[in-house]
Amino acid sequence: MSKIRVHEYAKKHNISSKDLMTKLKEMNIEVSNHMTMLDDEVVNKLDNEYQAEKPSVADEFEVEEKVVRSKKNSNKKKKKGKGNEDKRQENFAGRQQTQTVETPDKITFSGSLTVGDLAKKLSKEPSEIIKKLFMLGIMATINQDLDKDTIELIANDYGIEVEEEVIVSETEFETFIDEQDDEENLKERPAVVTIMGHVDHGKTTLLDSIRNSKVTAGEAGGITQHIGAYQVEVNDKKITFLDTPGHAAFTTMRARGAQVTDITILVVAADDGVMPQTVEAINHAKAAGVPIIVAVNKMDKPAANPDRVMQELTEYELVPEAWGGDTIFVPISAIQGEGIDNLLEMILLVSEVEEYKANPNRYATGTVIEAQLDKGKGTIATLLVQNGTLRVGDPIVVGTSFGRVRAMVSDIGRRVKVAGPSTPVEITGLNEVPQAGDRFMAFADEKKARQIGESRAQEALLAQRGEKSKLSLEDLFQQIQEGDVKEINLIVKADVQGSVEAMAASLRKIDVEGVKVKIIHTGVGAITESDIILASASNAIVIGFNVRPDVNAKRTAELENVDIRLHRIIYKVIEEIEAAMQGMLDPEFEEKVIGQAEVRQTFKVTKVGTIAGCYVTDGKITRDSGVRIIRDGVVIFEGQLDTLKRFKDDVKEVAQNYECGITIERYNDLKEGDIIEAYIMEEVKR
């Protein structure tokens with residue numbers, strides 16, 4: 001008899017993997033997870049256990065007979081008792097009259113109560129409360145407001161406990177959107193899956209392969225519609241896939257406080273191995289704290305080497321189960337559709353172990369996946385219902401917009417009336433276009449939804465005018481003192497891998513007042529927009545060593561208010577972070593980049609050196625500014641301008657979209673395509 005895995009045995013005997021693992025523990029048999037192999041001896045023991053628990057045929061027959069008899073008896077009782085119905089009603093009415101209202105053990109209130117309201121809560125007559133107040137020297141009428149102290153005084157006289165409720169503003173519904181429901185109200189929901197990985201490793205092909213094999217097969221006449229998410233059905237269970245750019249599912253949405261994804265599928269090409277974006281995807285998934293399933297794609301290629309992929313991923317703490325780890329690896333060929341069913345089975349297995357649940361019997365809450373403005377339909381938004389049930393006609397607040405759900409369309413283009421947890425739907429009826437990652441909540445009353453939506457829009461406008469509270473080195477010490485910061489997230493970029501490792505190792509050793517440094521991402525090369533988005537989502541500081549941010553990264557950093565620190569000496573980085581944590585950071589000057597020029601042509605002139613014919617692409621270049629030469633995103637020289645000319649004339653500055661001639665002091669190795677970045681040092685007002 002061949003060996004069998006835990007999840008395979010569970011499936012064979014129609015039980016959950018979790019229940020089987022519990023059973024094995026009761027039998028003192030150690031299993032690490034659902035992929036553990038069971039030998040023949042253990043399988044025999046389990047067979048005997050489950051055989052013993054099954055009732056015999058005779059027992060089942062006896063139970064069935066009792067049920068049939070009880071049904072017959074109940075029918076007789078029904079006939080017999082029909083004539084006594086009036087008497088029972090009379091007795092019930094009589095008992096109801098003699099019942100006395102019990103005094104409660106505890107009452108709750110918020111703000112204040114009138115005498116009448118307090119009497120109602122205490123189950124007393126208002127005249128009795130007025131009399132008690134009179135005895136305390138307080139002249140009150142039935143509609144008079146009572147303060148907290150008076151309410152407590154009266155309630156204590158009756159021996160009743162008082163609790164004041166703190167009302168959370170409904171405009172900030174994000175604070176109670178994620179409140180835990182009672183366990184008995186929770187029901188199983190489909191897992192929400194995002195596919196991530198390096199460019200050209202087969203993410204889109206895998207999504208298409210899953211969609212074509214599972215979605216269209218079960219939907220006769222259904223039109224697959226791109227709404228940013230879709231559902232597939234496997235073994236009578238559903239899985240929701242987010243069809244968005246991989247990183248957007250984590251960064252943009254997490255930056256707005258939305259946790260959408262339950263499971264990440266990391267696609268790695270078997271012939272290519274781990275690439276820079278693969279590492280980036282791993283760091284995004286780890287920062288979001290979600291399980292990772294590795295799909296080793298392109299197994300049909302002659303150069304496929306899955307062992308190499310496994311080996312490389314162990315460096316990032318993704319150890320295969322076959323090697324004693326807990327990461328699931330699934331070999332697939334997305335283009336040929338091989339291994340897809342196995343991958344979907346593994347997703348269901350992780351869902352079963354993680355136990356994803358939600359309460360369908362409440363007003364819907366969730367997150368915006370995509371949104372756009374359509375000429376014919378107006379505002380269209382794809383929503384992922386994460387809790388509750390959304391219905392057509394529900395008043396809804398989405399981010400700072402509001403409206404009523406006029407129509408709902410499923411991922412296969414069909415109109416639906418209800419959408420439960422983990423279901424993606426496209427809705428119309430909002431007054432303006434929300435942003436991806438905005439939270440939404442349905443309400444009972446349209447007037448209330450409008451009021452909350454308008455209040456949120458006003459609050460957002462006021463908040464936009466104020467400063468964003470992102471982490472920066474300047475206010476780091478103050479935040480540590482106030483207890484707001486327990487861990488500092490850093491993103492480290494450098495010109496070479498050796499510098500990255502040295503800097504990361506040095507930074508990890510810093511520990512001031514129990515506040516530790518956590519490096520969430522490292523990389524080689526220029527600081528990119530993706531780094532800034534991750535920093536914004538994780539409230540991190542970006543540190544660049546011998547590298548610069550590109551134009552898009554700078555623009556995004558200003559927009560998201562992300563702190564970027566650039567250095568050329570490692571110990572200066574360490575000193576600056578330590579000084580900031582100890583509250584001794586006192587920068588007198590701050591570097592301000594004023595412009596960039598691209599070298600279009602070079603001329604070598606005797607006794608002068610290399611003259612660079614440049615085109616100013618951004619800002620301006622001034623005669624007295626410091627400059628640095630950037631080649632392929634890496635700083636190769638830093639110094640001063642020697643000459644700055646327009647045609648044959650010396651000039652003080654050259655503005656954007658103009659050409660100029662530049663020479664650099666003590667540097668002649670200028671090449672076409674180099675970027676000359678000009679900067680000045682400005683005094684910082686403290």
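Placement of Cβ uses the backbone N, Cα and C atoms for every residue, glycine included.
Per Swiss-Prot, the stretch carrying the note region 'G2' among 22-26, 122-126, 222-226, 617-621 is 222-226. Per Swiss-Prot, the stretch carrying the note region 'G3' among 147-150, 243-246, 359-362, 467-470 is 243-246.
Ranges compared are 197-204, 477-484, and Swiss-Prot records region 'G1' for 197-204. Within the same chain, residues at least six positions away from ASP200 (GTP binding site) with a Cβ under 8 Å of its Cβ are ALA269.
Taken residue by residue with DSSP, LYS203 (GTP binding site) is part of a helix. Counting residues per DSSP class in helix, strand and coil order gives 0 helix, 1 strand, 3 coil for the region 'G4' (297-300). GLY197 (GTP binding site) carries a strand DSSP state (E or B).
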